Amino acid sequence: MASQPPQPPSGQPDTQYEEYQSEVITETTNRPTPAADVYEITPTNDVMDDRYEHEHDDYESGAMYETVRTWSPQSRPELVRIASVFSRIDSHPDVAPTTEDGGQLNRRDTLAGVKIGDPVLDPTKPEFDFYKWARMFTHVMEKEGIKRNRTGVMFRNLTVLGSGSAVQYQDTFLSPFAAPFRPGELCGKGRNPEKVILHDFNGAIREGELLMVLGRPGSGCSTFLKAICGELHGLQKKKESIIHYNGVSQHTFKKELRGEAVYSAEDEHHFPHLTVGQTLEFAAAARTPSKRVLGLSRKDFSTHLARVMMSVFGLSHTYNTKVGDDYVRGVSGGERKRVSIAEIALSGAPICCWDNSTRGLDSATALEFTKALKIGSQVGGITQCLAIYQASQAIYDIFDKVIVLYEGRQIFFGPTRIAKQYFEEMGWYCPPRQTTADFLTSVTNPKERIAKEGYENRVPRTAVEFERYWKQSQNNKLLLANMDRFEAEYPPEEGHLEKLRETHGQAQAKHTASKSPYRISVPMQVKLCTVRAYQRLWGDKSSTIATNISQIMMALIIGSLFFDTPQTTDGFFAKGSVIFFAILLNGLMSITEINGLCKATEPIVPNAQRPIVVKHVNFAFYHAYSEALAGIVADIPIKFLLALVFNIIIYFLGGLERSAAKFFIFFLFTFITILTMSAIFRTLAAATKTIPQALALAGVMILALVIYTGFTLQPSYMHPWFKWILYINPIAYAYEALLVNEVHGNRYRCATPIPPYGSGKNFACAVAGAVPGEMSVSGDAWVESSYDYSYAHIWRNLGILLGFLAFFYFVYLMVSELNLSSASSAEFLVFRRGHLPKNFQGSKDEEAAAGGVMHPNDPARLPPTNTNGAAGETAPGGSTVAVIPPQKDIFTWRNVTYDITIKGEPRRLLDNISGWVRPGTLTALMGVSGAGKTTLLDALAQRTTMGVITGDMLVNGRPLDSSFQRKTGYVQQQDLHLETTTVREALRFSADLRQPKSVSRKEKYEYVEDVIKMLSMEDFSEAVVGNPGEGLNVEQRKLLTIGVELAAKPQLLLFLDEPTSGLDSQSSWSIVTFLRKLADNGQAVLSTIHQPSGILFEQFDRLLFLAKGGRTVYFGDIGKNSETLLNYFETHGAEPCGPSENPAEYMLNIVGAGPSGKSNIDWPVVWKESEESRHVQQELDRIQSETSKRNEGHGQSAEKEPGEFAMPFTSQLYCVTTRVFQQYWRTPSYIWGKLLLGLASALFIGFSFFLQNSSMAGLQNSLFSIFMLTTIFSSLVQQIMPRFVTQRDLFEVRERPSRAYSWKVFLLANIIVEIPYQILLGIIAWASLFYPTFGAHLSSERQGILLLYCVQFFIFASTFAQMIIAGLPDAETAGGIATTMFGLMVTFNGVLQKPNALPGFWRFMWRVSPITYTVGGLAATSLHSREVKCAQNELAIFDPPSGATCAQYLQKLVEAGAPGKLYNPMSTSQCQYCPLSSGDQFLGGSEIHWSDRWRNFGIGWAYIVFNIFATVALYYLIRVRKSSGRPNRIISVITYHLSQFGTYCRAFITGRKEKCPRKREQIGKIY
């Protein structure tokens, strides 16, 4: 490092300063006026002055107009690219525009030259011309006095702070135990230290300017854009930092004008089931101004505006297509990106910040998008900032200014045209073919930048030195002077704020606060969001209908369960049960409102829609509470209809009193309960940050609500430490009201009078509330004696429920508005404790690690001059020759065609594609968006799971065998890795399973170390993969993806799908030049790439170029300087490629890529008829002929392949099980969440039912305590399934196609790993529940049996979860099915309805329910031989006949074998008879017997074994056979016979006797 701070080179004259100093003098006195015919628009002088009065800039001299002048105003494709210029117009044929004095304009506007109502102004017509539409709009806006805000932004001393450090340590299961030995971390010190993300930024962006933000990933580009827009959620801006918008402070601007500065995130968030038209029409409606052109209605204005934007961005054909997402089929990824762009354009914001919005777009589309931004800035005055990772020279030249960031420090800010010269004069060398954007970013990469000769010790090296150099430069001084003039023009809070307020107020609707950032009032927001909520429901009708049907089916099941309940005292428990079920199911059906991460269709899923709501709130579309209120309003009618159907079924089928008054009271309370519980669950979801948090809290809350309803634990048996829950439980008030409503005024015949032969006053009914000598029991007396309920409380309870409802709705709306932002933190690496590299530093000097500054003539740094030469050294480096095994096999494909069926219609994705890949060559696969590049790659790699592929794919002339996938590497576009593993462990896992058994483990691991060195991953080889932001960054993940495939030593070919996607230009260069090195050393490589720069493109040897429809445009050599490729296109009619033009972009342009691109030449037809195409076929024939001769020379003794997998089954099982154990161990949140759920639930149940007495109610409560333990089953299952899905996704997407290990190994490993934790959970639950509930007096044998049952139950839960999720696509779908099945199991286990009371149809359900045997075994073991001591209200109290004792009077009853016990046999009055004498008698009513305990235990293990076999069978039938493309035999047989049955039915109905073909051979094809 230089001893002195770097200075500007003294030997070089500061030509920049002299040049721009002179420009400042000339600009302020002789500012050029733009040509009036640039767009053939002639605005009035007032508009001209308003637009250009502040255009002078110390850096600019009219250059911003030069680019536009070169674009032909007559070229409609160029004009269609105008993106966000205007957002207010309609050409209503029946309305004439008016001038300011009230006069009407003529139907033919001479200024625009277009007749209002002309088809060119209708975006739905093919004649639509956006240019003419914009001209008409501009004129009408001027005449009607409609204004729009315009503003620039200035930032001074901008410093942004975040939390986090450069490194964190991975937590494990034992981390909580080690925390006391790390007091610093325990106290919060050192865990999240403050970190400066942006250091002291300065700059000014004038209105209408376009700023490019350049920097490597992690340099602070996103944070800078967020700071400009004021969206620093979780980050902190220093007090000294100043940001203002033409004099308006950011605080005031964001408070009153939030929607005027918007930030477009890199990811897209939309409601997937809304169509594109609905999405954009909503955005237009939310920002529709109050004053509109031509006096149009809001509906017409917003609809037309959305249509215009869809036409501009090439989305008109998707109007009725769903937006979709990763789970819902919709528009393509590129189209979804354009939907996001159009949404922001419709916001009409004068300041827009775009975060890598060109990601995933091909170069032609990216260029169109950038041109659209440019025109929006120049014509609409929009100030725009765009962070971009890979920018072509054409894109770079469109921008006015550029800011370069280096590790959070500003190292340049100024005009784009001087940036390159600035860094060259600093001493850096720019290679001739490198784009300016790549060069500017490369100077921030020590491994990429090149110093000029003689400047090696003078150039800055670190980010701090670059920043120091910048601050001492004349360009910075000029910038500061310009900022001073900017502030002088716009004094703080003066003038411009009132102007902005006036313009904003003009756009606001009535009843909207003047200082509100929103344009429409709250009622209008609620109405708009309510309509959208119903659109979302309609968009996912199937899901909505399925949910409602499942609820109705549950009502039918529960109602039939209690069908024909006797209207006697024996029916009291059944009535309590059916009402308990009714209120519980009504109340808890809203719990699904919490979960909906992948289903944002329901208008009540706060967590699912939160990112979308946050985005729309930032765009000032609506208040968050308006969306929340709209969800409530939209949901009430749906809930009402569902509740009506549900409660009619359960009320009348369940045997409740058929009284109109009582039914409507029943419905009123159940409906209010639904709304109240919905409000509670909404509040819970809105108050938490993630769905798992909300579900965890909901699980505990539901347990408390169920126990303290009053049914499972009667109020008189509640202990004081938890009884308070009863008073805050809405379900408890509803249950009391419904129960007293049902029995009020009714008397019930005594089913079992004691003694049955008594008369007069000499008998009693053994039911609470009974009166001696009466054969019936008052319902009111029963509920008062049993529950202390009163009919007088019914309307009081309704008032309490309404109070709960209002309170939670209010809290929900408030929390929805306040709990939107999420904390942000700096990115960091995660290491295992004890594995941090010794030389690792948080922000180390990469220059020193790189070994100094590179020289311009160093051959290791210069790009190769010919495609066959050695590639330059890049970040992934090292010795490659000794690592890559030699390859000799040639992979060829001929006439590959791929057809699929979509909605019953055939579609061809690939059309007769031919080609080959030789060892030692690097082949590029390119094409326009939607051409089928990834599809072709999947087809060649044998990774398609649907459709029909035809054609020949050969290796050395032989058909592909079962080992092909194992012998090839496939680097997917998505970097899928297990987040808990380290880089080295991931590579070793791949080497262990994918290299053959003949290679020793030592050799495999040595090869892994070679791969680590080859990819330069030494610094993070022990880092944990983690999640984005908390682990490896984008480039490191991509290197790991490549490394995993290299570690497998692919013998044939390496496929790569978009290896540079999401990377900056330097990282992309590193990856591609590394691939070049692999090819030079014998590897065959085929890679798709969509945005290659000129120097990247020349790294490839051969190109396969596809057009839409999967048709070949070109296949052949690229040639030196792309001469071979360019000659082909130029000789077939294409315009010549310019000497400085990027050949990759040139090709995309000539074939008509981009939303509005067109080509007059059908290039696929040209290729098909070309000589080059015939040469390809001849070469394929020659290759096949040569390889066939070679194969014949070797005879039939070809090397025998080891088979589908490289390693045997046992080795696979060991490796995979070890990794899954490792994943669980390193995911303490899951393990501790599981254990704490079991511990907390068991303790809560145990202390709620603490030491129940031996009364009949006490025994019932004890049985309910066991029953409640089984209710945590559902929560456990919901926890297990997402973990399984995580492993399965990785296996099915990457490891199974690579033939790393068998699907049977995957299933067994996941089953095995769950068992130890389930055993531990069973032990915890056993100790936490049974000791508090039953005490320690049980024998050791019984305690042991209880422990065995608890462990068995939790193992059953895990295997059941895996059985359900095995064949289903996601945890949400499986969770719904599991919950339904669990509901059936607990319903029919004999606790809530005794088996002998079940209708005959349902008795089989009691026998097949696994919970029946678990509850039976636990209850029999706990209550066997327990003596019953009836409570006072449970005794049958009566007087014996005069002169007889109680024993004498009941002697006949005792001799008949009555189960009860007489407490006072010698008394002559007030005989006290308890109907039961032992716990076995009580259990016998539920058919639970002590003698069945071991039988039940054995049946439990049978269910576990069944779950395991069913898991394997379901996975095989649904996912293995389906993915293999083979027909499912069972489904085929069923389908065949159903079709035959249907044929006979049709013949019978029509009276025709058709003969159905049932020949043996036809059935044989199926079987």
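Glycine is no exception: its Cβ is also placed from the backbone N, Cα and C atoms.
From a predicted model like this one, the values you see are computed outputs, not experimental measurements.
Swiss-Prot marks one residue of Asn548, Asn912 with the annotation N-linked glycosylation site, and that residue is Asn912. The range from 154-174, 1204-1224, 1372-1392, 1435-1455 that Swiss-Prot describes as transmembrane segment is residues 1372-1392. When the ranges 382-402, 571-591, 613-633 are checked against Swiss-Prot, the one recorded as transmembrane segment is 571-591. Considering only the glycosylation sites Asn149, Asn157, Asn356, Asn912, Asn1253, Asn819 (N-linked glycosylation site) has Asn356 as its nearest partner by CA-CA distance. In the predicted structure, the domain 'ABC transporter 1' (167-432) carries a mean pLDDT of 86. Within 10 Å of the C-beta of Asn895 (N-linked glycosylation site) there are 14 other C-beta atoms, taking all protein chains into account. Asn157 (N-linked glycosylation site) is surrounded by 14 other CB atoms, counting those within 10 A of its CB over all protein chains shown. Annotation: Asn912 are the glycosylation sites among Asn149, Asn157, Asn356, Asn912, Asn1253 whose CA atoms are within 10 angstroms of the CA of Asn895 (N-linked glycosylation site). For the glycosylation sites Asn149, Asn356, counting C-beta atoms within 10 A of each C-beta gives the highest total at Asn149. Cα spacing between Asn356 (N-linked glycosylation site) and Asn1253 (N-linked glycosylation site): 68 Å, rounded to the nearest whole number. In space, Asn157 is the closest of the glycosylation sites Asn149, Asn157, Asn912 to Asn1253 (N-linked glycosylation site), judged by Cα positions.
A distance of 54 Å separates the Cα atom of Asn149 (N-linked glycosylation site) from that of Asn912 (N-linked glycosylation site). Straight-line distance linking the Cα atoms of Asn157 (N-linked glycosylation site) and Asn912 (N-linked glycosylation site), rounded to a whole number, equals 60 Å. In the structure as shown, the Cβ atom of Asn1253 (N-linked glycosylation site) sits within 10 Å of 14 other Cβ atoms. Asn912 (N-linked glycosylation site): 16 other CB atoms within 10 A of its CB, across all protein chains. Asn895 (N-linked glycosylation site) carries a strand DSSP state (E or B).
Over all protein chains present, the Cβ of Asn819 (N-linked glycosylation site) has 15 other Cβ atoms lying within 10 Å.
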